[in-house]
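A.B. asks: Can you read through this structure? Questions will come right after.
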Amino acid sequence: MSFAGLNAAEIKTALDGCAAADTFNYKKFFGACGLAKKSADDVKAAFQIIDQDNSGFIEEEELKLFLQNFSAGARALTDKETAEFLKAGDADGDGKIGIEGKSSLKGRALFPTHLSKDKHDYLPGQQWPLNRSASHLNY
């Protein structure tokens, strides 16, 4: 299954860019596949796809299989990649990423289009700071 609205060629390029173990970088991946340019609604839809058990959180095992959401034949993330990815989105250190609340995509710059105030969380070519606030995200 792939995320709606993403270009298949961009997804392939993004997956090819991290085909080798320990080469995954979520910021580069989101930029390459086009997810970094998507709306809050698209990001919410992506979250719901990754949240395989519909718990409202992305846990470590779901994150490990992140690339397979884009292509069934994609590799699993290594333990190191999974830990780094989880750390980037886990605002309160509880080991999971939520769509709302303390462990939230809104609270961390996991998806580059979301709420970061740190210019280093943006990909080259993105404007900083983006004029966004949590009030426009009606989850």
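Placed from the backbone N, Cα and C atoms, the Cβ positions cover glycine too.
Not my notes, these are from TrEMBL:
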type    : residues                                                      : note
DOMAIN  : 38-73                                                         : domain 'EF-hand'
BINDING : Asp51, Asp53, Ser55, Phe57, Glu62, Asp90, Asp92, Asp94, Lys96 : Ca(2+) binding site
A.B. asks: Which residue counts does DSSP yield for the domain 'EF-hand' (38-73) in the helix, strand and coil classes, in that order?
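C.D. replies: Breakdown, helix to coil: 20 helix, 3 strand, 13 coil.
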A.B. asks: Can you tell which of Asp51, Glu62, Asp92 has the least company, meaning the fewest other C-beta atoms within 10 angstroms of its C-beta, among these binding-site residues?
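C.D. replies: Comparing Cβ neighbour counts within 10 Å for the binding-site residues Asp51, Glu62, Asp92 gives Asp92.
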A.B. asks: Give me the non-local Cβ neighbours of Ser55 (Ca(2+) binding site): same chain, 6+ apart in sequence, Cβ-Cβ under 8 Å, ordered along the sequence.
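C.D. replies: Set apart from Ser55 (Ca(2+) binding site) by at least 6 residues yet with Cβ under 8 Å, there are none.
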